[in-house]
Amino acid sequence: MGVGLGSALIKLGDLSSDSDQVSVESIVLAVGLLCVCILIGHLLEKARWINESDAALFIGLFTGFIILLKTHGKSSRILQFDEELFFIYLLPPIIFNAGFQVKKKHFFRNFMTITLFGAAGTLISFCIISFGAKLLFEALDIADLELRDYLAIGAIFSATDSVCTLQVLNQNETPLLYSLVFGEGVVNDATSVVLFNAIQKFDLSQINSMIVLKFVGDFFYLFLTSTLLGVMIGLLCAFIIKRLYFGRNSADREIALMILMAYLSYIMAELFNLSGILTVFFCGIVMSHYTWHNITEQSRVTTMYGFETMSFIGETFIFFYVGMDALDIEKWRLVSSSPWKPIGASAILLGLVLIGRASLVFPMSYLSNLAKKSKNDSKLKPKQQVTIWWAGLMRGAVSMALAYNQFAKSGHTQEPGNAIMITCTITIVLFSTVVFGSLTKPLVRSMFPRSNHQDIMVSSEPSSPNSSLTLPLLADRLESEGGDVVVSIKVLSNPTHTLHHYWKKFDKAIMRPVFGGK
């Protein structure tokens, strides 16, 4: 049964004639190399210029090079990329854990800014990359592509890498930046996937105002329904666990129910053609706010570290595979006759990514600052805007998955134009992750020294698993005084007639008695 499951989920390279034996050997080798990635990542934890994602990439590159030599140039992979494997099995635990662990105070306080960046900003970046690529590719005769392909390129390279952002930024040191960059990344990924699917669905031979309006309406419908589905499933899980109290007999059942219902939210969203990314993210937020407080103390510790561990393994595997797939000889052989084309295409697309990101961040930051008229609203300063622009330049597994979906079939392609786009995607993912990702940490530390960006800020959100376990005495004391409190050197007077204020009253009077929570 194990071999059958491995064969179903992982398509393997041509390393042996016995497919079952290849499956076992490849899985063993992949798991062993993941252990190596974790060990090396731990040893490099204090490194200033390299992080765990870079380490996994380099190990993947080294592994691909060894396999390439061993197979005499026939293959560089022990596993073959499958976008279905990525979207169905690897991405859900990563996004769910992000919602489960995110500091909700900062996320919802900046929700409008995040939506502005993630939705409207992604559309700006999409237009710049799509039409810029069409104009320059045709002028330089780089690839013979259709309008649908150019629009798909815009969606592919508009998707930022939320996974890499998780490893580079620290939400305890820079909570505002973390919530903005990652929150935007979640909405951005959902928007990019929606754009990509819409491109495949709409008839591009007749573009008119009605099609544009329909697309805009579909997007808002998708955003709202996906969010509501995640909230509903999270509340249902909280209600069931609160009423039945599984923990009095077995902690296993309540943990299993949380895991399965979290995954159910993602699968149901995909079943109804909604955004699974948004659904599972908001399901994670609701579960951490209500469900997590209804389970036993042992289950709280288990779920917190269990979800984080699953997310960590998924992230490591993704970066490891991207590095290994970069040496896929099949794609490079197709473009070897005109090596300047993939180089030129990569340079053009990278430039468009930089311009598109700048056109997104700085105008949206200006609009966001204009909307913040209260003195208590934190406006985005120039240094923060530059950091957000830089941190969002990384491209990762979502871009890879969409590129394979558009330009390859089951990981293979025989069209030179499609091979150029696949190699461009791999090149930009590697370059942006290694260069931009490596420089983000020192950039944040230089712009925001620890004494400035870590001004004794202690969040005691009752729905934050980390804070309740790390600072239990302080958390209990602050929570008994009314919930979300931020201890800081600066004492700020918070207005009482705000949306957040009324939500806290509603939450305390109606939601928590029904669904639990502390």
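Backbone N, Cα and C define each Cβ position, glycine as well.
Per TrEMBL, the range carrying the annotation transmembrane segment out of 56-73, 146-163 is 56-73. The feature transmembrane segment, as given by TrEMBL for the ranges 243-264, 419-440, sits at 419-440.
The stretches the transmembrane segment (56-73) and the transmembrane segment (85-102) do not meet in space: the count of Cβ pairs below 8 angstroms, excluding pairs fewer than 6 apart in sequence, stays at fewer than three. Below 8 angstroms of C-beta separation, residues 81, 83, 86-87, 90-91, 117, 149, 152, 155-157, 159-165, 168-169, 177, 180-181, 184-185, 188-189, 192-193, 196, 318-319, 322, 325, 353-354, 357-358, 360-362, 365, 380, 413, 415, 418-419, 421-422, 425-426, 428-429, 432-433, 436-437, 439-440, 443 of the same chain, each at least six residues beyond the ends of the transmembrane segment (388-407), sit close to that stretch. Counting only same-chain residues 6+ beyond the ends of the transmembrane segment (304-323), those with a CB under 8 A from a CB of the stretch are 30, 33-34, 37-38, 41, 52-53, 56-61, 63-64, 79, 81, 86, 90-91, 93-94, 96-98, 100-101, 163-164, 166-167, 255, 259, 292, 396-397, 400, 426, 429-430, 433, 465-466, 469.
Sequence-distant contacts of the transmembrane segment (419-440) (same chain, at least 6 residues past either end, Cβ-Cβ under 8 Å): 49-51, 53-54, 57, 142-143, 145, 149, 153, 156-157, 161, 164, 167-169, 319, 322-323, 325-326, 328, 330-332, 334-335, 341-342, 345-346, 349-350, 353, 387, 390-391, 393-396, 399-400, 403-404, 406-408, 413.
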